[in-house]
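**Q** I'd like to ask some things about the structure below.
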């Protein structure tokens, strides 16, 4: 993984160098270990806090030259807010706040993992460590000249002082694999499209074999034999042929129905013949955020040896305006046998998903399918960049996704489905058309997808506002967010994974 920050756990011992970080609540109270670490400097710190009007608000920080009596060079006090009601996502954000204060010169950092309410539990310390890693990630491999202050926490060695280092490390191990999955998803979204085209994306997904994931790559010949006309129609205008990648993790009981996750992977989307405006078209390298999430999730499940059977499937294409490109007015036949009239070639993601969803439903008979796609601008109009749109034909699955969305901070908002919307995608010439009117655009897109799930319990996550170019936050300073990896990992762990 590209992040170089090192995070470890030790019993507390007063650090003799580097940077010391402690937490306080919104009453400027410290935990017992932090109080011990500060010693006589507590009074000095509180005077400095009063002068700076530092109140201990969650995520805020007071940065000081270490007071007399401390051997470290720098002291940072990070506010934990109302410590008595802190949850795992709050702790993740606190870890991000810690990483955000680490500078390029902070090579040795000690974080005292306690609160006024007591020493952090192993799982809480692990959440802090995960937040540090998530915030420290940055994508700069193509920069040949880097400023000295750009690295921040990326090259730091961070030690968390905890009550039980072995237990904290044990708790952090699976969490760290999930962070790896998030970072992998971010890497894929951030890559330029001349580097990450369908064949290259497929090769990177195939690297999951090292973790025990079975990987099958369907090329154009194989997809033609399967009659994936909807997906192939999108890719026919590109010099880079399309691919479908099927990833299988068999961590559950033999023969048990798998869980299925499907991702839209448009590696670059010009809009095709219905070409997009040039302004911000460069952002369309991220139109494969759904596929990136699925690869990151499969990495997380395999690396932490999840006790579940899971299938990840991604359809990879480029949507280009070549002389061979698909035209408005074309009619394609999907793998399901249903015909689709192309009205707008820029409504291509649903065509890709149509064939991959049908393939997974037919070949793997999953317990449920969740697809992720940067599908519509309409969902951004409706929900902005804080929530993904959730559409589902199954109330239990939708409720579970909403619950883990709240606990992980990767929030979803359920949107309606209904046959009343189908008339917008009725076609005079085919079974359906690939887009309706502007009204309810994200809903009609989901109605379209529902025609290809063959009755399987299914949820569609429209992540157009959350996967890329979303506002930076406490745990992500990257253009690509890796949205969905933590959400779906938690869904699996909480509701479907065999308990030890």
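Just so you know, glycine gets a Cβ as well, placed from its N, Cα and C.
Fair warning: this is a prediction, and the values are worked out from it, not measured in the lab.
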**Q** Can you tell which of 287, 322, 330, 371 Swiss-Prot lists as binding Mn(2+) 2 with 264, 269, 348?
**A** 287
**Q** Which one of these binding-site residues, 269, 287, 346, 348, has the sparsest Cβ neighbourhood, judged by other Cβ atoms within 10 angstroms?
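**A** Each of the binding-site residues 269, 287, 346, 348 was scored; lowest Cβ tally within 10 Å is 346.
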**Q** Using C-alpha positions only, work out which of the recorded positions 276, 346, 350 is nearest to residue 264 (Mn(2+) 2 binding site).
**A** 350
**Q** For residue 264 (Mn(2+) 2 binding site), just count the other CB atoms lying within 10 A of its CB, please.
**A** 32
**Q** Taking the mean position of the Cβ atoms of 269, 346, 348 as the Mn(2+) 1 site, which residues outside that list, in the same chain, have a Cβ no more than 8 Å away, listed in sequence order?
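**A** These residues sit around the Mn(2+) 1 site: 234, 266, 270, 271, 272, 274, 276, 284, 287, 319, 345, 347, 349.
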**Q** When DSSP states are folded down to helix, strand and coil, where does residue 350 (active site) land?
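**A** It is helical.
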**Q** Measuring Cα to Cα, how many angstrom lie between residue 350 (active site) and residue 287 (Mn(2+) 2 binding site)?
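**A** A Cα-Cα distance of 12 Å.
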